[in-house]
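Note sheet for the following structure.
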Amino acid sequence: MSSISIDEKLKDPESVQNKEILDVDVGDLSPKGVDAAFNYALDVDYDEIDPETERRLVRKIDCTIFPVMCLVYCIQFLDKTSNSYAVIMGLKEDLKMEGQMYSWSGTAFYLGYLVFEFPASLLLQRFPLSKTLCVFLVIWGFLLCMTSVANYPGFIALRVLLGMMESAASPGFILLTAQWYKRSEQQLRTSVWVAFNGLGQILGSCMAYGLAKRTSLPMRGWKLIFIICGVLAIFLGFVILAVVPDNPFKAWFLTEEDRKLVVKRLRANKQGVGNNHFKLYQFKETMLDIRTWIMFVSSVLLNIPNGGIGTFSSLLIKGTMGYDTLQTLLMGLPAGACEFGGLIAFGFLSLFIHKRMVLATITTCIALIGSCLLSFAGPPRAQLAGYYLLMVSPGAMIVMFAIISSNASGYTKKVTVGVIYLIGYCVGNLIGPQTFKAADAPEYMPAKNTMVGCYAATLVTFPALYYVNWRENKRRDQLAAEGKIEHRPNAEFEDLTDFENLDFRYTL
């Protein structure tokens, strides 16, 4: 029986086609080498779970962990929208911003995010997940409270630090989703917790509108927005610590039997729930996997428009559509409702359309139509409708989050793929605000045209990723039919990558 070493496979991932019998040498099966669920898996049989028992277990998870995830994602998005509201509530005047200075306030946040994304993800892998998320969120809340500064350099410095602290949120939630849910359940759950960005925008609009109308405040309204958001973030940090366990085997709300059922459910994912040790070979494999770079390019292209519209939406509505400050703040309500309702509807659509790349294409086409209306439509109401259509653009990012959860196997590989995707997210959001030049105000036509081009280019990446995964699944099915793949009991809990575990199939 021949064996394929990791080094050989990294040199030529397709080399497995030339082997008579495929039995991957997984090497380290010590406690450091295997998944956290491995010991539980040894005591768990392969019998099917009773459907009613499984529904009861999923309800427990949905009612305990999932609401906290949704609320945290809601509050962390408030920071992004707060900057957009603050700029029309006196931020630029108070901090004496001129030219591109406001653009840099958006770029600075994602610069910090970019710099700290990989260290944050390593910390999430190395240390207990919920406790690490708690620390990041509490520090982020304190920094947010301090954002009510009196000068521009201090504001920019805090924006960088805020980006560094927020860099743990998305990768942490991707890992949590993979820890608790089957692949068939991940798309809907990811859609819902990302949709709470929309609820964050609704809350932010209401808060900003209420503060803008008040004339007797102890300080400027834009400063109070940051302080309120910071206090909420600190509170939710401690809620995570109290409610969310580090992994299913430490879950206070599950019985011992329920914990074993979690392991049995996750067998279908062909991957485990976590390993605290960084594995260099999995990192190398990630860097040589073409899927990583297709997703990276997709992320950059998707988020150039996101970075621009997230920072400049209020200025666009006020400057080109003829609304005053209070009306502009209220326009955030329907925008948030479109995002919240649209993304949840998109999540339920995934129950009927099982090809994830098709879902990503649909939402990006809607965003492309919205960007065209924003760029080329004359009437202000048509432009506003285009802006609201852009609110469903995170649907494609949701698909990619779910793809990372379900298709990147091996804990170090999953973390690394998530990091590279989010680095692309940062790069796009760094570039986005810089496309809005002060000289182009108030229409910002070059920036709007850039949005159209980016969404159009993104549509090329989805069929490319689909084809790569479809081709590999077809090849593995052929090898299995020829009896060239040897099944390993509990292989899904040995912390194998998707290259190593040839029983693994990619979600399309």
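From the backbone N, Cα and C atoms, a Cβ is placed for every residue, glycine too.
Per Swiss-Prot, transmembrane segment is recorded for 65-87 (among others), and the stated evidence type is sequence analysis.
As annotated by Swiss-Prot, transmembrane segment applies to 104-124 (among others), with the evidence given as sequence analysis. Within the chain carrying the transmembrane segment (104-124), a Cβ under 8 angstroms from the stretch's Cβ atoms is held by residues 80, 83, 97, 132-133, 136, 155-156, 159-168, 171-172, 175, 278, 307, 310-311, 415-416, 418-419, 422-423, 425-427, 429-430, 432-434, all 6 or more beyond its ends.
Here Swiss-Prot flags 136-156 (among others) as transmembrane segment, drawing on sequence analysis. Sequence-distant contacts of the transmembrane segment (136-156), counting only residues of its own chain at least 6 positions beyond either end whose CB sits under 8 Å from a CB of the stretch, comprise 72, 76, 79, 95-97, 101, 104-105, 108, 120, 162, 165-166, 168-169, 172, 219-220, 222-224, 226-227, 229-238, 240.
If you look up Swiss-Prot, you'll see 160-180 (among others) marked as transmembrane segment, on the strength of sequence analysis.
Taken from Swiss-Prot, the feature transmembrane segment covers 192-212 (among others).
Residues or ranges marked as transmembrane segment in Swiss-Prot: 224-244 (among others).
Positions annotated as transmembrane segment by Swiss-Prot, on the basis of sequence analysis: 292-312 (among others). Residues 80-81, 83-84, 102-103, 105-107, 110, 286, 364, 367, 371, 387, 390, 393-394, 396-397, 400, 403-404, 416-417, 420-433, 435-436, 444, 447, 450-451, 454-455, 457-458, 461-462, 464-465, 468 of the same chain, all 6+ positions outside the transmembrane segment (292-312), place their C-beta atoms under 8 angstroms from a C-beta of that stretch.
Summarising the annotation, Swiss-Prot assigns transmembrane segment to 333-353 (among others).
As annotated by Swiss-Prot, transmembrane segment applies to 357-377 (among others), with the evidence given as sequence analysis. Long-range neighbours of the transmembrane segment (357-377) within the same chain, counting only residues 6 or more positions beyond its ends whose Cβ lies under 8 Å from a Cβ of the stretch, are 187, 302, 305, 316, 346, 349-350, 383, 385-390, 392-396, 399-400, 445, 448-449, 451-452, 455-456, 458-459, 462-463, 465-466, 508.
Residues annotated as transmembrane segment in Swiss-Prot: 384-404 (among others).
Summarising the annotation, Swiss-Prot assigns transmembrane segment to 416-436 (among others) and lists sequence analysis as the type of evidence. Long-range contacts of the transmembrane segment (416-436) within the same chain, counting only residues at least 6 positions beyond its ends with a Cβ under 8 Å from a Cβ of the stretch, are 100, 103-104, 106-107, 109-111, 113-114, 117-118, 121, 167, 170-171, 174-175, 282-283, 286-287, 289, 291-293, 295-312, 397, 400, 404, 408, 444, 446-447, 450.
Feature annotation from Swiss-Prot assigns transmembrane segment to 450-470 (among others).
Through the fold, the transmembrane segment (224-244) approaches residues 64-65, 68-69, 71-72, 75-76, 78-79, 82, 85-86, 89, 129-131, 133-138, 140-148, 176, 204, 207-208, 211, 217-218 of its own chain, all at least 6 residues removed from its boundaries and within a Cβ separation under 8 Å. Taking Cβ pairs closer than 8 Å, the transmembrane segment (384-404) reaches residues 170, 173-174, 177, 186-187, 190-191, 194, 197-198, 295, 298-299, 302-303, 305-306, 309, 313, 316-317, 321, 331, 334-336, 338-339, 342-343, 346-347, 356-357, 359-360, 362-364, 366-367, 369-375, 377, 414, 417-418, 421, 425, 455, 458, 462, 465, 507 in its own chain, all 6 or more past its ends. Take the transmembrane segment (333-353) and the stretches 65-87, 192-212, 450-470: counting Cβ pairs under 8 Å, 192-212 has the most.
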